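K.L.:
Swiss-Prot lists Lys109 with the feature active site, N6-AMP-lysine intermediate. Annotation comment: Swiss-Prot describes Asp29, Ser30, Glu31, Tyr32, Asp33, Ser78, Leu79, Glu107, Arg130, Glu164, Lys278, Lys302 as NAD(+) binding site. The Zn(2+) binding site annotation in Swiss-Prot covers Cys395, Cys398, Cys413, Cys418. The domain 'BRCT' annotation in Swiss-Prot covers 577-652.
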Amino acid sequence: MKKRIRELTDLLNQYRQEYYTNDAPSVSDSEYDKLYRELVELEQTYPAYILKDSPTQLVGGTILTGFQKYQHQYPLFSLQDAFSREELNAFDQRIKSAFPEAEYLAELKIDGLSISLVYEAGILKVGATRGDGTIGENITENIKNIKDIPKRLSQALDVTIRGEAYMSRKAFKTINEERQENGEPEFANPRNAAAGTLRQLDTRIVAKRQLATFLYQEVGLEAADSQQRTLERLADLGFSVNSHYLLSSSMNDIWDFIQSIEATREELPYEIDGVVVKVNQLAIQEELGFTVKAPRWAIAYKFPAEEKEAEIVSVDWTVGRTGVVTPTANLTPVQLAGTTVSRATLHNVDYIAEKDIRIGDTVVVYKAGDIIPAVLRVVEAKRSNQTPMPIPTACPSCQSQLVHFEDEVALRCINPLCPSLIQRSLEHFASRQAMNIAGLGPAVVEKLYSAGLVHDVTDIYRLSLEDLLMLDGIKEKSAEKLLAAIEQSKANSAEKLLFGLGIRHIGAKASRLILETYGDLETLLSVTAEELAQIDGLGLVIGQSLVQYFQQDQATQLLAELKSAGVNLAYLGQRPDRQAELFGLTVVLTGKLEKLNRTQAKEKLEQLGAKVTGSVSKKTDLVVAGSEAGSKLAKAQQLGIRIEDEDWLLNL
């Protein structure tokens, strides 16, 4: 067996050389995989004979079985979008009114996939996708096959690095030519190709497809004093950093840079879809903070989207989970931004009236934010005798009278028994960010509703195997899996349930903030809007919406029924202890700690109720300083901020 292991190792390494370096494989993938699996089985049986150069011990030789979920220690926020000079000016005015000394760093917005790289003692431990910003997927083995990502840093740092993985235009062209030759469907664009590559289970394919990265953020280290310095430090650590950026305090300069980049973007070897403008000084970033969704110190200017002409054939009106009735145009198919588009949103009735959009019109279609197809304008020169579009007065689902509130642009169905509203609400409740009930998608929801088995979310927890087997197309194995997923959802932390209820203005992050503060859903029956508005990151509108919902008798009954069904109503995450010694204090870590690493120190401070930030400002209450503390310690002393050492922290 030892001889066979040596033979297989040599043979597979030869094939790896042909595949990766020479790009001229002499055997098929299936033949390689067959030999590889034989080697794996032998090594599992005779582990003492595993050779150091075995391809099973090398990055690039792994056949993965799937991807595990990964919870980010630090959330990855999205960015506020801007589509005009006016929106950039408004951003500038908001920043400069509070911080006249603010500078901006404008960076290219790479059209790729957000990734997070976690290093412990300088070793790459985790590579993950962004996901929903809180939970992504662990794609570490694939990340290790991206050549420009360091597997080991020159310093033994505990740090999280963020950036974009992308596919160059050249690599994209090559892969599509290969797929065409092999009779495989071509990728629509480099971003799709990069996304498909990162989700490959065969890491050899990832290695061959030549993904690359640009990194732009570090989290968990003693912060640099600016975003520009962060980029320089990342480059020093061996990461790929995009050199196309501009530092200026003038939004006029930033706008000129954006215009210049837009005019020459096709000359770049990779695709971009805009420019990100960030406040350069990290101390100002710290003071500006975040909304529930995005940092207040950054904005993403998106280049105007590609536009195409198409004819509106018909219009569908659909009811969403909040009762909003949305018009969608059915179009003659057009190729747009690498995909075939045959439907586009018309937004709402006010938009239709403003643009005077009619069935039969030739319209200009674009992808809003390069994602959602939308109708931009009518091509008046091609209009003949089209008549104004009839606007529905009755709900397309339940036929009840639609309303158009003065302060809203949309038509709304207010019938709580509307079939579409109920079904969309149930789909939302079961969605991944909410209760995450796998198998309870639109098709199954429609069957359950049509059979009279579900009318609200509590009915989900009354379903039996017999109920599900009554439905057309539902087999016993699928039914058992769905019931298991429903049972598993009962144990979710309560913020997922709160989000799943679909209360207006209450998103996933707001749900978490609310439950972190109040602990369980039943407590929300007695809170006031003013109390809720005091939570950092929320506001009075969210508070009023939540209170209005929980003042209804139906809400009390709903919680009682869910509780009776065994659904957890409590927040299971770590809550700030209001009695904790450091509750409510803003704390900065600086210098080298001897007994704790940076992550452990941060976790201990947070357990004691502190908010740990990266830079010293007037809002800082306390600085914990280790040895070799530098500018942060000096600034804290200058501002008269309380300073403690590591031993003090250990003794708490």
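The backbone N, Cα and C atoms fix where each Cβ goes, and this holds for glycine too.
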K.L.:
Rounded to a whole angstrom, what is the C-alpha distance between Arg130 (NAD(+) binding site) and Cys398 (Zn(2+) binding site)?
P.N.:
39
K.L.:
With Cys413 (Zn(2+) binding site) as the reference Cα, tell me which of the recorded positions Leu79, Lys109, Lys278 is the closest one.
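P.N.:
Closest by Cα: Leu79.
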K.L.:
Please name which of the recorded positions listed here, Leu79, Lys109, Lys278, is nearest in space to Cys418 (Zn(2+) binding site), Cα against Cα.
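P.N.:
Nearest by Cα distance to Cys418 (Zn(2+) binding site): Leu79.
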K.L.:
Could you check which of the recorded positions Lys109, Cys395, Cys398 is the closest Cα neighbour of Leu79 (NAD(+) binding site)?
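P.N.:
In terms of Cα distance, Leu79 (NAD(+) binding site) lies closest to Lys109.
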K.L.:
Which residue among the binding-site residues Leu79, Cys413 has the fewest other Cβ atoms within 10 Å of its Cβ, if you could check?
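P.N.:
Taking Leu79, Cys413 as the binding-site residues, the minimal 10 Å Cβ count falls on Leu79.
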K.L.:
List the Cα distance (Å, whole number) between Cys398 (Zn(2+) binding site) and Lys109 (active site, N6-AMP-lysine intermediate).
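P.N.:
If we compare the Cα positions of Cys398 (Zn(2+) binding site) and Lys109 (active site, N6-AMP-lysine intermediate), the gap is 44 Å.
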K.L.:
For the recorded Zn(2+) site, whose residues are Cys395, Cys398, Cys413, Cys418, find every other residue on that chain with a C-beta no more than 8 angstroms from the centre of their C-beta atoms, and list them by sequence position.
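P.N.:
Same chain, not in Cys395, Cys398, Cys413, Cys418, Cβ within 8 Å: Val319, Gly323, Pro396, Ser397, Gln399, Ser400, Leu402, Asn415, Pro419, Ser420, Leu421.
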K.L.:
Mean pLDDT over the domain 'BRCT' (577-652): what is the value?
P.N.:
83
K.L.:
Sort Lys278 (NAD(+) binding site) into helix, strand or coil using the DSSP assignment.
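P.N.:
For Lys278 (NAD(+) binding site) - judged by DSSP and reduced to three states - the answer is strand.
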K.L.:
What residue among the recorded positions Lys109, Arg130, Lys278 has the most other CB atoms lying within 10 A of its CB?
P.N.:
Lys278
K.L.:
May I ask for the distance between Lys278 (NAD(+) binding site) and Cys395 (Zn(2+) binding site), taken between their Cα atoms and rounded to an integer number of Å?
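P.N.:
Distance between the two Cα atoms comes out at 45 Å.
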K.L.:
Using DSSP and collapsing to three states, where does Arg130 (NAD(+) binding site) fall: helix, strand or coil?
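P.N.:
The residue in question, Arg130 (NAD(+) binding site), is coil (DSSP, three-state).
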K.L.:
Could you check the binding-site residues Cys395, Cys398, Cys418 and say which one's CB has the most other CB atoms within 10 Å?
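P.N.:
For the binding-site residues Cys395, Cys398, Cys418, the Cβ with the most other Cβ atoms within 10 Å is Cys395.
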